[in-house]
Each structure stands twice: as C-alpha cells, then as structure tokens.
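**Q** Right, I'll just put the structure down here and ask away after.
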Amino acid sequence: MADLQGRKVFKVFNQDFIVDERYTVTKELGQGAYGIVCAAVNNQTNEGVAIKKVTNVFSKKILAKRALREIKLLQHFRGHRNITCLYDMDIPRPDNFNETYLYEELMECDLAAIIRSGQPLTDAHFQSFIYQILCGLKYIHSANVLHRDLKPGNLLVNADCELKICDFGLARGFSIDPEENAGYMTEYVATRWYRAPEIMLSFQSYTKAIDVWSVGCILAELLGGRPFFKGRDYVDQLNQILHILGTPNEETLSRIGSPRAQEYVRNLPFMPKKPFAALFPNANPDALDLLDRMLAFDPSSRISVEEALEHPYLQIWHDASDEPDCPTTFNFDFEIVEDVGDMRKMILEEVFRFRQVVRTVAGENGGQQAGQQPGAGQVPMPSGGQGQWRTEDPRPEEYMGHNANGLEGELALGADGRR
C-alpha cells in the first residue's frame, strides 16, 4: 500500500496495527479504553519495545487533549530512569487521522500484576519500589507537574525490579498560586482508591501532596497485599479513609469546601485513628512511620517528596546526588486550546518533529536511544509477577459519577463540580 510505505500491518486484538517496517510484533500486551498495546522487536538491533496505539483520539475533545498532553509530557521527561522512555512516534495515515502510535520502553509487567500474583514480597522490595517512585515523582514535581493518577497499574516493573512511572494523560500543572491550581481540573479524575481526600472534599486548591497520598496508598497496598482504601463508591471511599485515619480536627474540617460534605463528616460519630502497627503488625516500623506521614488526612501536614526521600526507611537507597530535578519546567499553555482541528495540527507537529529528532540522534549514536540505567543495584522480582502487563483498576469513565446525585456526586467530582 503506497500510503504505508516503510511500514507493516499486523493484527493485534483483531485490529490493524501499523508499525515501522524495522519491527515485528511479538505479543499482545493489553487493551483498554484509550488504545491497545503490543510488544515488538527491532529486527536490526534485536531490542524490544512496547508499541501503544492510541485510538479514537478525536472522538471526544477531552481525549484529543489527553493524547496531546501525554505526547508532550513523555517527551519532556524522556531520559529519567524512573519514567518510561519514549523512543518514537508515528501517524501512518496523517490525512484525517484518528490514531497515534507511541514506541516506548518494554517493561515486563506492572506493579499491580506483581501484587495480585500473590508472590511473597520482602521489605527490600517495598523500599526499592517506593524509592524509585519518589525519585520519578521528584523529577515530575520539579517541572511543576502533578501526575494525578499514580497507582500500581501505572508503575511498570522489570525482572530486576527497575520501576518506571507511565501514563501522563491526567497530569496537570502546579503553581504556587492557589487560584491558578483551582482551574486545572478536568472531567476525568484519578482512580478512586488512590485519590486524595482533599480532592473529594473540595479543598481550596490542589498541591503536590495529592501525589504523595497516592504513593502512601501504594505503600499500604504493598504492605497488605491488597488495595488499602477500596471504596465501592465515593461515599464509601471517604468512610473507609475516616475509619482508618479518624475524624479530622476542626481546622481541617473548616477547610472542606463542599458544605454538604462538611456537614456529612461533622455528623458522623467521632472516630479515633487506628494505629498502622495494628493493621500491619509485621511491617518495618520505619515503613509505618513513612506511611503515617504520607497518609496525613490534611495535605498541609503530609510529608513532601523531598522529605520522604530523606526518611530513615529509604536510607539504604537515598543519594541526593543521584536524585535530579527536571532541568526545565513544563509549559501547559496548550491546555487553553479548545478547537479539535487545532489539536489535530498540534499532535501532527509534535509527532513529526519528534521523529526528526530521534532519527538524528539515532544516526549519530548508531542505535535506539534508551533511558538511563538505575544507579543502584536492584532486588530480584518474585517469579510469579512476570509476563503480566497493564492490569487495570477502574478507568476514569467508569467511575465518573456524573449522573450521581447528592453527596456521591459532589465527592465524585470534588472541586471540579464547584467551578
């Protein structure tokens, strides 16, 4: 086919999958609301890649914006060892296209698959995983970016326990000005089980602490082998958090922006905080101290990423000289674009420009460009976790709660529903 010169067509999950002719598709990895993913091998270098076909890019304006955001952020964070590396991009049929291909690092599975495999994990595993998440998050936050959807399914892991953060489709910018942060939310919200309480309760603004809460939920899941706050809906999610962390103090209660939610919490019986040592009796006391600081109900009391990296629990890994900041902040100016036609043009320009850049660099260096390798040795992965990839928790459109009434609807949309 003339319009596919230099490319080959494979069937992946019964869909046409158009890849660069240098690659051969080797395995179907996963499919979901935003696309399908397969493993492929570069026939020239024998290196593996994951190829993600982002589908229906322009079926909704919010999906086009999500695709543009992901493409831009993956380029901006390219090269950090704890963030998935973008190798290449392609739009095989640029005329009126509705799909984009992303060539990324091939990882063996995600952290959700490892946890759900039931294989025993050690405290050394927990330390390694949390340290790497925080290193990646420090880099992300230093660019004034909030990830907003950290969860085990968005943490990719290799057999040597090398971990990389992926999926930036829900990311937003952060400003020290609360008024600017207040305008950055969308209809799609982070997965309920890992969502910070200040989002549900409509606090005045969001801070980097929302991502720290998610890391705390992940640490608790590692310690317990299952999601820590697994709410059936948003009211149940809030109840589960309060059941463990106890009734907030008056200062925190007064910051709840939703009158209905504030009244609901005030009318609940007083609940004492449950000690994490009773919930995780076999855990390292340092891990429980870090967990307690990450899962502080009030975001202003929550530990920062920088402080967490210096916590005694991570002392074995911590090396300030090997925990870099991003050299430049990320520009979110494109978020103001609302015209789908303009977004289509911007995505085309991003893809074509990046293709030129990586081909120039590859030509100079003689091969595929990868991210940095970990600076410290890793602990081995339990055998049962390998070979599974991108298991999914509830997707944003599955728990939106747009049609929910009363308190459930307010908690589902959080501050977004009040702006």
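Indices start at 1 and increase along the chain as displayed.
Cβ from N, Cα, C; glycine included.
Features from Swiss-Prot:
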DOMAIN    23-314  domain 'Protein kinase'
BINDING   Leu29, Gly30, Gln31, Gly32, Ala33, Tyr34, Gly35, Ile36, Val37, Lys52  ATP binding site
ACT_SITE  Asp149  active site, proton acceptor
**Q** Look up Gln31 (ATP binding site) in the DSSP assignment and reduce it to helix, strand or coil.
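**A** Once the DSSP labels are grouped into three classes, Gln31 (ATP binding site) ends up as strand.
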**Q** Determine the minimum-neighbour residue: among Leu29, Ala33, Gly35, listed as binding-site residues, which Cβ has the fewest other Cβ atoms within 10 angstroms?
**A** Ala33
**Q** In DSSP terms, helix, strand or coil for Val37 (ATP binding site)?
**A** strand
**Q** Using DSSP with the three-state reduction, classify Asp149 (active site, proton acceptor) as helix, strand or coil.
**A** coil
**Q** If you count Cβ atoms within 10 Å of the Cβ of Gln31 (ATP binding site), leaving out that atom itself, what do you get?
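**A** Looking across every protein chain shown, the total is 18.
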**Q** The residue listed as 'active site, proton acceptor' has how many other Cβ neighbours within 10 Å of its own Cβ?
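**A** Excluding its own Cβ, the residue listed as 'active site, proton acceptor' sees 24 Cβ atoms within 10 Å.
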**Q** Given Ala33 (ATP binding site) and the residue listed as 'active site, proton acceptor', what distance in Å do their CA atoms have, once rounded to a whole number?
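**A** Spelling it out, the Cα of Ala33 (ATP binding site) and the Cα of the residue listed as 'active site, proton acceptor' are 16 Å apart.
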